[in-house]
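S.K.: My questions all concern the structure below.
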Amino acid sequence: MQVKIVQVFPCLVLLVKLVLLSVLLPSATGSYHCSNNATQNSYLWRIEASPPIYLFGTMHVPYKKLWDDVPDNVKSVLSLSEHLCVELRLTDSETSKNLSACRYLPKNETLESVLPGGLYVRVLKYFVRIQNQFPKWLFGNASINGLSRIESDRLFHAMIGNWNRLRPVWLLMLISSLSRENVQERSIPLLDVFLDRAAEGMGKNVEAVEVYKEQCRPFNRLNNTKVFVALRKLLDYLEPLADGPISSTDSDLETYNCGDFKSLVSARPILPLPSSSKLPNLTSEEAGDLESINEFLVSQIVYRRNRRMSKTIMSLLSRQRNETYLFAIGAGHFVGERNVVHMLKKKGYSVNRLSVTETIPGPPLPKNIISLGDPSSQLTILNISSTIPTLPPNRPSHVPPTLSPETIARIIQSVFNNTQSIYTVDSVEVTPTTTSLNSATASTTVATPTSSVTPPTSSSSQTRSLTISDSQRTSDDSAFIPSASSGLRYNIGLVCVTLFFVLLIITSAL
């Protein structure tokens, strides 16, 4: 009997490692603490009115990266406010559907027919190389077997979705979002979505400041020829890194938490491209094309939206009200030229930026604030899919993003891999549509899944918006919405099967 136990012991160790790896592997989160907290500024402003209106500058990143470092006075304002106003209600099915549809080419058009041939081949090759990295990004140093490869491929295809139908600018943003960190953090809600859900769970009224067109359409107006230049330069930068652990930087998170976000935002281009000094072989003509793109987007995505947001806030200030409002919008709208705070002050309003040390009396946040903002956090122990992604036939986990200037690349990441969606998948066909390159160009194959997604009929009232002339805005046709979700039944089943085999081996040994 001792011999049998010795023989089965390595199997037991292997199975226990599998369970521990699948349920205990932590997700990548960040927490940054500044050395001089006494003088640290929060991204919280107060408009002196009765009652006051508060403005909070967010970052569109997974909430776990920031929530612990959000100052107490911001959390107090969230607790005492009766209303939370966000850029867009990403939890609203119509908003999500329209944002997704906005990203796609007109009917009967594909990237294969739009992109220059050589550029299309480069995109195909790059996707194949990134697909080969997914098992390493998901499982780390764990051995890569057939099951992990299959699951990695399923997640990859779910994240790139119907990529051949994307407009070129959205293809560029998809490519920039495919990094190890984004894959590992795909199921963590963005801070904006977390605040939205938490406020709604606390019984507060959550309203939208904008509609999807104001955020999406400026990108679709870009000249495709110049977008092709940006896409080529992005691939020039990423291709040498494609066989390694491509990661996004957290330096802006540290800068944000330490109260000096202004310099970073003012110098960063809107498109998710590295700085010009990092782009190889950049000609003066290419640099001019990239600069003209950035100038156009700054005027449309930053300045025009700043004007609209400030008008919305001023309209609210002119009303007779007795309730407190908190506006949680991207921090980039509060810094730089012609920002929201500057426009409010120009109209005579008193707006003060608050220090983290300034106390704001208010009731404490509920103890279950995390589960209100992130319902999936209650399943952490059994969240095997944090390392083994699945695509069950219900409950997809992605919604399209909001587009704010200071973190535009991260916002686009949420379209493909971050927040949980409220869509219901009636049917999912993972029938690969294979695009093969002939031997004259490359021996590369990329499979793209197709999916049928239907938004549910909501029992709640229609999402309220603070914007003006909503009746003049129409919805675009819906389009394919890629999704990849984690299923609780799958998680429990895998753990049960593993434990069953452990007991079976022990029993046979005895």
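Including glycine, each Cβ sits where the backbone N, Cα and C put it.
Straight from Swiss-Prot, here's the annotation block:
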COMPBIAS  435-471  compositional bias 'Low complexity'
CARBOHYD  Asn37  N-linked glycosylation site
CARBOHYD  Asn98  N-linked glycosylation site
CARBOHYD  Asn108  N-linked glycosylation site
CARBOHYD  Asn141  N-linked glycosylation site
CARBOHYD  Asn223  N-linked glycosylation site
CARBOHYD  Asn281  N-linked glycosylation site
CARBOHYD  Asn322  N-linked glycosylation site
CARBOHYD  Asn383  N-linked glycosylation site
CARBOHYD  Asn417  N-linked glycosylation site
REGION    435-477  region 'Disordered'
SIGNAL    1-30  signal peptide
TOPO_DOM  31-489  topological domain 'Extracellular'
TRANSMEM  490-510  transmembrane segment
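In terms of burial and nearby residues, how do these features look in this structure?
M.R.: When secondary structure is read from DSSP and collapsed to three states, Asn98 (N-linked glycosylation site) falls in the helix class.
According to DSSP, Asn108 (N-linked glycosylation site) is assigned to coil rather than to any helix or strand.
DSSP assigns Asn223 (N-linked glycosylation site) to coil in the three-state reduction, placing it in neither a helix nor a strand.
The Cβ of Asn281 (N-linked glycosylation site) lies under 8 Å from the Cβ of Asp236, each of which sits 6+ residues away along the same chain.
Around the Cβ of Asn322 (N-linked glycosylation site), 7 further Cβ atoms fall within 10 Å across all displayed protein chains. A coil conformation is recorded for Asn322 (N-linked glycosylation site) in the three-state DSSP classification, outside any helix or strand.
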S.K.: Of Asn98, Asn108, Asn223, which of the glycosylation sites has the most Cβ neighbours inside 10 Å?
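M.R.: The most densely surrounded of these glycosylation sites is Asn98.
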S.K.: Over the topological domain 'Extracellular' (31-489), work out the mean pLDDT and round it to an integer.
M.R.: 74
S.K.: Measuring Cα to Cα, tell me the gap between Asn322 (N-linked glycosylation site) and Asn98 (N-linked glycosylation site) in whole angstrom.
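M.R.: One finds 34 Å between the Cα atoms of these residues.
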